[in-house]
Structure formats: structure tokens, C-alpha cells
Amino acid sequence: MSLSLQGKTFVIMGVANKRSIAWGIAQSLDKAGANIIFTYAGERFEKPVRDLVATLEGKHELVLPCDVTNDEDVERCFATIGETVGKVDGLAHCIAFAKTEELAGNFSDTSREGFLLAHNISAFSLTVVAKAVKPLMTEGGSIVTLTYLGGEKVVPNYNIMGVAKASLDMSVRYLAADLGRYNIRVNAISAGPIRTLSAKGVSDFNSVLKEIEERAPLRRNTTPEEVGDTALFLFSQLSRGITGETIHCDSGFHIL
Ligand code: NDP
Ligand code: N5H
């Protein structure tokens, strides 16, 4: 089950390890024959990301640092991409962060600093990278980000991340309206809960997964591979008429 993206180049931001949703996307794009450029934030992730990339079928040589809170980093990263490959066809933004202490307890206790940090990394960064990649999308392009139901409905403990995802979701629509004239599409995938490094430390994650298994229309949890294939669709010409959209890849849980 694969589409061909041979000859196309994609930037994937946010692989931390083999459980990352970004890695699910990387595997789908790799199978489709795409050329992939990877970016990571923390230095400590460089080696693990390089080791993982070496396991893919294709030879993907560019693995670059890019902390989305640092304008110089973003500029340097996309300048290197421009100089090396020239044209980019798609970008996967798989980045979010909030302080652990704000992902439990009372929402009304959210700090100003925690609010701004979550919004800076999890929402504003999409606009930052869209602006940086736009000049490289000379033949149009597709930008995909990852969101979660907690930005549409109140989900226990998601707290400040829910508000940041609502901002991200609206950023998708404004960016889609802005960049459509350049044939650049901007969409989000709302993924069901997946046990990744980010989800580590979330108390009760097992019961969240169990509820999906029991109640979601498809009666099973979402896998990174399913999200990867949804991204593959959004990166392919099959989705050429779709922009400003949020596709739920969550076993149908959002309809309940
Ligand atoms: P991971 O922990 O694997 O990925 C999170 C990524 O965010 C890491 O690669 C991390 O980079 C990156 N990141 C954090 N801060 C920065 C920064 N300043 N600059 C650049 N990158 C940064 O978790 P997931 O795969 O779960 O998360 C990916 C996306 O999916 C997030 O947007 C998340 O909200 C979303 N999502 C996740 C769901 C789930 O259940 N897991 C459900 C729905 C949506 P580094 O490791 O290099 O620090
Ligand atoms: C309702 C829930 C469960 C409670 C909330 C979880 C929110 C998770 C999202 C954020 C992005 C997690 C986060 O920032 C963790 C950090 O505080 C600590 N972790 C790290 O620093 C690691 C090392 C790095 C790699 O992580 C990041 N992010 O950089 C939501 C769940 C059911 C679904 C879910 C887990 C959604 C989501 O958005 O990820």
C-alpha cells in the first residue's frame, strides 16, 4: 500500500526516537521513495536520530539542528536546506512542548511563563517554519502538522496544551488562506493517543488507551504507521484539493 513520492523532498521536524509520530511519517515517506531531511532540537537527539535514519531504505543525508524557539537556528537550518537541495515539496511539523507540571492539576494555575512557552513551541513554531520553507516550495507544497482532540474539547490534564493546540489549529487555517496562492497547502492530522516520549510520565495513560479500545468506532488505538500513511496522503497529489483541513486519524473517537 504505497504512493510514489520519488524525486520529491520533504522536511520532517520532531523525530526524538523510534516511537515518535514523526518517525511513523518518515517510514511512510521513505517507503514511497521520497528524499527526507530531518531536523532535531536537542543536541542529545542528534546521534539517536542519525542512527535511526541509517535504518531507512533511502539514503537521507541531511540531519540538521533546529530549535524552533531560536530564529537564528531556523534561518540557518532552512538556508542549509536551500543551498543543498534547492526545492522542498513538503514539511511535517511534529513539535510540541509544555512544562510537565502544567499537564496535570488545575488549569487555572497555569503560569504566564508556561502559557507562553507552550504557545511558542507548540503553536507559533508552525508559522515560523512555514515562513522559512515558503521560498523553497517553488513548485507548491504541502505542510502538515499534528494536533490533538484536546484543542477542540476539554480533555482532563491536557490543560495548557489544549489551548496551544486550538491556536495551532487556527494557525493552520490562516496559513492555508495565506499560502494557497502559492499552491502551498496547510493541513493538520489530529492523532489519537500514542505512547511516545512526550506521553511518558502522563499518569493514567493506560486508562486513556483502554477507553479508546473500548469505545472508539474502530475499537483499537491509533498507530504511528496510520498517522504516517495519512501524512503520505496529504503530501501526495491525491489530496491536491485539500487545504486548511484537520483530518482525524483516531479510530473515529472524535465523533463520540
Ligand atoms: P515525541 O516526544 O516523539 O516528539 C516531540 C518532539 O517535539 C520531539 O522530537 C522534540 O524534539 C520536539 N520539540 C520540543 N521542543 C522543541 C523545540 N524547541 N524545537 C524543535 N523541536 C522541539 O512525541 P510525539 O511524536 O507524540 O509528538 C509529536 C506531535 O504529535 C506533537 O505535536 C504532539 O502534540 C502531537 N500529538 C501526539 C499525540 C500522542 O498521543 N502522542 C496525539 C496527538 C498529537 P527533541 O526531541 O529534539 O527535543
Ligand atoms: C490528555 C492527555 C494526557 C495529558 C497531557 C499530555 C500532553 C502531552 C503533550 C506535551 C507536548 C508533552 C510534553 O511537553 C512533555 C514534556 O513536559 C516532558 N518531556 C520531554 O521533555 C521529552 C524528553 C521531549 C522529547 O518531549 C517534548 N515534547 O519535547 C493527552 C494524551 C492522551 C495524548 C497526547 C500525549 C497528546 C500530545 O499532544 O502529545
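Each Cβ is built from the backbone N, Cα and C atoms, and glycine gets one as well.
Copied over from TrEMBL, here are the features:
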- Tyr148: active site, proton acceptor (ACT_SITE)
- Tyr158: active site, proton acceptor (ACT_SITE)
- Gly14, Ser20, Ile21, Asp67, Val68, Ile95, Lys165, Ile194, Arg195, Thr196, Leu197, Ser198: NAD(+) binding site (BINDING)
- Ala98: substrate binding site (BINDING)
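Of the candidate recorded positions, Ala98, Tyr148, Tyr158, the one lying closest to Val68 (NAD(+) binding site) when CA atoms are compared is Ala98. Nearest neighbour of Ile21 (NAD(+) binding site) by Cα distance, taken over the recorded positions Ala98, Tyr148, Tyr158: Tyr148. The closest partner of Lys165 (NAD(+) binding site) among the recorded positions, by CA position, is Tyr148; the full candidate set was Ala98, Tyr148, Tyr158. A Cβ distance below 6 Å to any atom of ligand 1 is met by none of the recorded positions Ala98, Tyr158, Lys165, Arg195. Filtering Ile21, Ala98, Tyr148, Tyr158, Arg195, Leu197 by Cβ distance to ligand 2 (under 6 A) retains the following recorded positions: Ala98, Tyr148, Tyr158, Leu197. Taking a C-beta cut-off of under 8 Å and a sequence gap of six or more, Ala98 (substrate binding site) has these contacts in its own chain: Gly114, Leu117, Ala118, Ser122, Asn159, Ile160, Met161, Ala164. Ranked by how many other Cβ atoms sit within 10 Å of their Cβ, the binding-site residues Lys165, Arg195 place Arg195 at the bottom. Residue pairs drawn from Gly14, Ser20, Ile21, Asp67, Val68, Ile95, Lys165, Ile194, Arg195, Thr196, Leu197, Ser198, the listed NAD(+) binders, are separated by up to 23 Å at the Cα level.
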